[in-house]
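Structure, as structure tokens:
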Amino acid sequence: MAPQATTVTVTGAGGQIGYGLLFRIAAGDMLGPDRPVRLRLLEIPQGLKAAEGAALELQDGAFSLLEHVEVTDDPRVAFDGCSIALLVGARPRSAGMERADLLQANAGIFGPQGAALSEVAADDIRALVVGNPANTNALIAAASAPGIPADRFSALTRLDHNRAVGQLVAELDARPDDIDGVAIWGNHSSTQFPDVSHAVFGPVKTGPDVTMVFDALAAKLGSSEAALAWLDDVFVPRVAQRGAEIIRVRGSSSAASAANAAIEHVRDEQGGVAWTSAAVVSHGEYGVPEGLVCSFPVRSDGDGYRVIEGLDLDDRARARLAASVDELVAERDAVRALGVI
Ligand code: NAD
Ligand code: LMR
């Protein structure tokens with residue numbers, strides 16, 4: 001008997017990332033080749049035409065896993081019975097907008113969406129927030145969804161994780177599969193800490209040739225000091241500011257790479273993974289205040305991400321994590337001051 005279709009809702013489905021997501025979900029890249037999907041596309045009225053166009057193209061794709069597509073501007077319709085929600089649509093920062101205005105505008109989106117999810121989503125709902133400021137939007141959605149355990153909400157830092165791997169691949173002249181154990185700590189913002197201190201490098205990661213990424217960098221660059229300087233002066237800022245670099249070069253924010261990262265986040269959350277990065281609700285791990293949605297190294301047994309605990313963080317790492325956590329605390333406090341959570 002064919003498995004029942006999984007209902008997947010994409011918000012902001014008429015936008016750039018939505019366009020990058022929908023066809024890959026329909027092709028089975030997110031849930032695998034054996035799970036049919038029912039897609040719900042949520043947009044605001046101005047975005048409905050773009051979403052409707054995407055729905056026509058989905059039909060033209062004749063995807064064998066795609067059972068049904070519905071376009072709506074009503075969150076309660078969009079989230080009805082949904083098991084996976086990709087919360088992409090958000091209010092971008094416009095000229096002259098203060099941070100508090102941005103947080104308030106997004107609270108007006110993620111608060112009601114969290115509430116609607118709580119009322120009508122399936123019992124197994126998991127929601128990934130992509131729309132920025134992603135960590136705090138996830139916090140708002142979780143706080144607005146009393147019927148859903150908070151740890152069913154997460155925010156996307158897999159893109160940052162993949163960016164970090166991409167930079168190491170280029171520097172070490174390696175392949176992505178040769179690198180494991182990279183971690184993104186903190187906020188999906190320029191304060192994040194991309195960390196290689198637990199990362200390993202080697203053609204066969206568990207074999208005799210495996211080495212720490214740091215040692216491979218030191219060998220390539222001539223000394224440990226040169227490796228540390230490259231990490232501090234090139235790698236960390238490059239990864240942390242890659243979103244801005246893409247906007248500068250491309251003229252708009254990352255779309256296909258963001259969609260790819262969102263697909264991988266959900267695929268690994270549902271399918272299992274030994275090590276990746278995701279922003280999840282803190283239970284106090286590594287001293288991060290409880291309830292903040294913070295990026296950590298995580299693993300999944302197929303039933304949601306768990307923080308990988310017990311890693312040693314040196315003073316440099318602790319200071320960088322603390323700086324990003326301070327930013328998350330400030331965002332949470334600003335949202336609290338607005339009476340949103
Ligand atoms: P976009 O402007 O192309 O599309 C956003 C879409 O969301 C628009 O079609 C808009 O009409 C819709 N929308 C706005 N409010 C909505 C609401 N209340 N309900 C439903 N839909 C709504 O933007 P994009 O390039 O697709 O990016 C979307 C978001 O993702 C942005 O906030 C962007 O900053 C963020 N982003 C996050 C990451 C990450 O790694 N976390 C990476 C890239 C982009
Ligand atoms: C990214 O990391 O590419 C985006 O979050 C940048 C942005 O501000 O949309």
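Here the Cβ of each residue, glycine as well, is placed from N, Cα and C on the backbone.
TrEMBL does not curate its annotations; it predicts them automatically.
Model confidence over the domain 'Lactate/malate dehydrogenase N-terminal' (7-147) stands at 96, taken as the mean pLDDT rounded to a whole number. Residues or ranges marked as domain 'Lactate/malate dehydrogenase N-terminal' in TrEMBL: 7-147.
On its own chain, Gln16 (NAD(+) binding site) has Ser252, Ser253, Ala255 as residues at least 6 apart in sequence with a Cβ closer than 8 Å to its own Cβ. Taken from TrEMBL, the feature NAD(+) binding site covers Gly12, Ala13, Gly14, Gly15, Gln16, Ile17, Gly18, Asn106, Gln113, Val130, Gly131, Asn132.
The substrate binding site feature in TrEMBL is assigned to Arg93, Arg99, Asn132, Arg163. Under the DSSP three-state reduction, Arg163 (substrate binding site) is assigned to helix. Taking the Cβ of Arg163 (substrate binding site) as centre and 10 Å as the limit, one finds 24 other Cβ atoms among all the protein chains shown.
Look at TrEMBL and you will find 157-334 tagged as domain 'Lactate/malate dehydrogenase C-terminal'.
The C-beta environment of His188 (active site, proton acceptor), restricted to residues of the same chain at least 6 apart in sequence and closer than 8 Å, consists of Asn132, Pro133, Ala134, Asn135, Ala155, Leu156, Thr157, Leu159, Asp160, Ala279, Ser295. His188 (active site, proton acceptor) falls within neither a helix nor a strand when secondary structure is assigned with DSSP, and so counts as coil. Among the features that TrEMBL reports, active site, proton acceptor is placed at His188.
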Among Gly12, Gly14, Gly18, Arg93, Gln113, the binding-site residues whose C-beta sits under 6 Å from ligand 2: none
Cβ packing number for Asn132 (substrate binding site), 10 Å threshold: 20
Length of the line joining the Cα atoms of Gly131 (NAD(+) binding site) and Arg93 (substrate binding site), in Å: 11
Maximum Cα-Cα separation (Å), residues Arg93, Arg99, Asn132, Arg163 listed as binding substrate: 26
Which listed residue (Arg93, Arg99) has most other Cβ within 10 Å, given these are binding-site residues: Arg93
Local Cβ density at Gly18 (NAD(+) binding site) - other Cβ atoms counted within 10 Å: 25
Where the C-beta lies under 6 angstroms from ligand 1, the matching recorded positions among Arg99, Asn132, Arg163, His188: Asn132, His188
